[in-house]
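Undergrad: If you look up TrEMBL, you'll see 12-33, 39-59, 80-99, 114-133, 145-167, 173-191, 212-231, 323-348, 355-374, 380-401, 413-432, 438-458 (among others) marked as transmembrane segment.
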Amino acid sequence: MAKFIEKFIGFSVGPVIGALISFVTVPLTTYFIDPNEYGRASMFFLFQMIFGTFLFLGMDQAYTREYHVVDNKLKLFQNAVIIPLTLAFVVLVGTLALPHEVSGLLFGTPEEPFPAILFGVMLAFMVVERYILLSIRMRESALEYSLLNIFVKLGILTFTLLFVLFIRRDYLAVVYATVLGQISGDVYLVIRYRKLFAFRRFSPDRRLLTRMLKFGLPVVVATSLSSLLHYMDRLALYAWSSFYQIGIFTATLKIAAVVSLLQTSFTTFWVPTAYRWHENGKEIRYFRTVSDTVLLFMSLVMIVVLLFKDFITVILSSQYAEARYIVAFLCLPPVIFTISETTCLGIVFSRKTHLSIWTGLIALIPNALLNIVLVPRFGAPGAAASTGCAYLFFFAARTFFSNRNGIRIPAWKHHLVLLILFAGAVMNAFPIKYILPVNLLLLVIVLIVQAGTIRQLMQIFKTRKKKEWDFS
């Protein structure tokens, strides 16, 4: 267990320090830029993520699946990256040819062609960065992965300071600062890992590409549904509310991103570890113990969010004060997704990635219905509640399909804890006078439900010298 935790901490260093850097960047941005402008800037990055979902064609997921199967890692990397990179350049050509139309889509005005072109450039760099970091991640080079993440975050902070202090204080300041910071970090990655892109002797492996596409294309549909689930709230606000509400929502997401970084840290570490354990025939008790431990940790993180939600007004400016009432809902998705990463392994191990499509649909339908009902009336709070509720369906479906395909993780405790956390998010969405005692009571209930997990972890640490458990 000690080695397991040590490696996890190695992968977490970068995201944790990145979170601290974001804590400087977010209040700096929200202090100088009002919610309307912040909401407009957020649409640039929303569409960037949506386009990215389709560019990869699931080849990034196929790359991780094949990593411990294919011996020639360079050949695997180049076969995995060539199609997404080609598609990214096609989009870049499109932004160069139709900058005013792209500007209208991103910002609601055709008067910003240069940022529209940067959108295409950013997509190309995003593909390169994704695959380089995946390569580092699959090698399980924890410290290197963390340092590179910190480098990129520092670049964004530096450019944000330059823009809001000396150049401009509108939505384009956010766009330019983030794009330039990201690209500066990516240029370093390209130079450092340029051998990965030495295509001079490259020839496509049709058999490998076919296998990867067969794995990846269902993932595209599933990822598209998952992405739509993730972005539906902001698209609903874009359609039925205002840039002001989008600004409040996005600023709150930046705070919730601290929890999302825990998700990223764990997933980055867990996915290659889980694949390796599976290839080595690791006993199911190890997967179950990790799942219970993650449930305990993430549920405590969620309770901490409930207890300290009012500090958001200290981090953000007073213009964003209502963010405290929706932050719990926006922390639920990364909490639930992280836990589900330990209960969904049967889907990927069995290569039945088409089941992820059904998972996405099961979560997306209630999300869409709730957004239609709640967003026009309540704005950002309605969008946040819709997303939080939808992820309960996401977890239930993901776990159900996994249990039907080889990796059975008992999940009654998971469902109960998540329902308790969702109830806590609902109660904290209102200005209740005695909310602190309520949140403390939720903490006690969550600990009682997971008392068995706590006892098991204590037993594992007591007997670690007897080598009854090997988490390496």
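From the backbone N, Cα and C atoms, a Cβ is placed for every residue, glycine too.
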Undergrad: So are the transmembrane segment (413-432) and the transmembrane segment (80-99) touching or not, going by 3+ C-beta pairs under 8 A with a sequence gap of 6 or more?
TA: no
Undergrad: Can you work out whether the transmembrane segment (173-191) touches the transmembrane segment (114-133), with the criterion being 3+ CB pairs under 8 Å where the paired residues are 6 or more apart along the chain?
TA: yes
Undergrad: Sequence-remote contacts (6 or more beyond its ends) of the transmembrane segment (355-374), Cβ cut-off under 8 Å?
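TA: Same-chain residues near the transmembrane segment (355-374) but 6 or more away: 218-219, 221-226, 228-229, 232-233, 236, 347, 381-383, 385-387, 389-391, 393-394, 396-398, 401, 405.
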Undergrad: Does the transmembrane segment (114-133) make contact with the transmembrane segment (39-59) through 3 or more Cβ pairs under 8 Å, each pair 6 or more apart in sequence?
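TA: Counting Cβ pairs under 8 Å (6 or more apart in sequence), the transmembrane segment (114-133) reaches the transmembrane segment (39-59), since there are 3 or more.
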Undergrad: Which sequence positions outside the transmembrane segment (39-59), separated from its termini by at least 6 residues, show Cβ-Cβ distances below 8 Å to it?
TA: 33, 80-81, 83-84, 87-88, 91, 105-108, 115, 119, 122-123, 126-127, 130, 171-172, 174-175, 178, 212-213, 215-220, 223-224, 227, 231, 234-235, 237-238, 242-250, 353
